[in-house]
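**Q** I am attaching a structure below and will ask some questions about it afterwards.
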Amino acid sequence: VIGSGVLSLAWAIGQLGWIAGPAVLVAFSLVTLFTSSLLADAYRHPDPVTGPARNYTYMDAVRAQLGGRKVHLCGLAQCINLVGVNVGYTVTAAISMAYVKLYTHYFREEDKCDVSSTRYMIIYGCVQLVLCQVPNFQKLSWISILAAVMSATYSVIGLGLSVAKVAVNEGGGTKAATTTVGLHVSEGHELWRVFRAIGDIAFAYSYSTVLIEIQDTLRSSPPENRTMKRASFVGITVTTLFYLLCGCVGYAAFGKAAPGNLLSGTGFRQPLWLVNIANICVAVHLVGAYQVFCQPIFSFVESRCRQRWPESKFVTMEHPVTVGGGTTTATVCHVNWFRLVWRSAYVVVTTALAMTFPFFNDFLSLVGAASFWPLTVYFPVAMYISRAKIPKFSFTWAWLQCLSWACLVVSLVAAAGSVEGLIQSMKKYHPFKS
């Protein structure tokens, strides 16, 4: 569950302050934990434990329990979120790769230069072009394990470096409230940064998008929803504690100068070898994380195309290709021309979008804001109301609706701050600007 969003939490806490920062983070975790429990009950239908019908994807669950236009809205929201996460992961991995090169060859302690990550986005995209052609991602389970280890490694390194910086009293000034308005930060700019910080925290909790798909891999004894609820509770609780540690200690280490990405830019530069290891771990982790988030899109598009054109050899036929010369070491791989073209096009598009918007904080904030309300809150709540047949205007119905509307407002203000940040970043860094 711990993703690259952890790298931006020190900056987010810095914009919100000691009081609001941890409070907002805990609030997001509680909402995510509650709605994840509702979503876990949506896997089987009509009963969450004994229901004979299984919903293999998030869209299947919405189709079974809500139907109508909401199915298409869910598909659109999930597609935007998954594509956005893949674009964000491409940006993040490329930045980490670029800073490994920059730290190693060019940086001195006093340097304040930046680095272009475009070539590293292309390298990252080439790696994904190869991995995306694996027809059954479960065969690459070792990548998931490796990604989890890498995620834990760079998070612990970032936390440890923050603790060390605080211990030697090198941190900047901190505050209980939001950013102090001064010579370089106007009131309006401060407000936009607060909104973007909320979006960054929302991105750190983008777990619900693939919850149903994960639950579909569980055994049915004990019931899937019980296992998934327990896993969600443990995962979100541990994640939140770690987020609080990384965000708060990182803020204490840097103060008002907390970087947007804890491990690059104006973040840590010493010890060089340890910072480089952390950035390498970020890149390796996001290679596997990209695959986790693109697989639902691949599965949806390819299944729909097979249903629509069942007679097309281009879409349905698998061509065996022998890899390796020896009879005992040779491996037979199956190539599908549609899969080859479509998945390659997807990687190319996400890489091109990342090259167009290479802004870590702003883009992650926008993805978090755009997906939090519909996928984490609205659809789980709506499906629970429909499944439990909760009467309109009852107490339960009223407070669930209040929760949903409050989260909608939060998502809207976070999205507004993210768009404003992207506009300002494009004005400053657009590659075609002279």
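Just so you know, the numbers here start at 1 and follow the chain as drawn.
Placed from the backbone N, Cα and C atoms, the Cβ positions cover glycine too.
Straight from TrEMBL, here's the annotation block:
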DOMAIN    1-423  domain 'Amino acid transporter transmembrane'
TRANSMEM  12-34  transmembrane segment
TRANSMEM  79-100  transmembrane segment
TRANSMEM  144-164  transmembrane segment
TRANSMEM  233-254  transmembrane segment
TRANSMEM  274-298  transmembrane segment
TRANSMEM  340-360  transmembrane segment
TRANSMEM  366-385  transmembrane segment
TRANSMEM  397-419  transmembrane segment
**Q** For the transmembrane segment (366-385) and the transmembrane segment (144-164), decide whether they are in contact, meaning at least 3 CB pairs lie under 8 A, counting pairs 6 or more apart in sequence.
**A** no
**Q** Can you say which of 12-34, 79-100, 233-254 has the most Cβ pairs under 8 Å with the transmembrane segment (274-298)?
**A** 79-100
**Q** Top stretch among 12-34, 79-100, 144-164, 233-254, 397-419 for CB pairs under 8 A with the transmembrane segment (340-360)?
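**A** Result: 79-100.
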**Q** Can you name the far-off residues of the same chain, 6+ from the ends of the transmembrane segment (144-164), with a Cβ under 8 Å from a Cβ of it?
**A** 2-3, 6-7, 10, 242, 245-246, 249-250, 252-253, 262-263, 268, 274-275, 277-279, 281-282, 284-289, 292
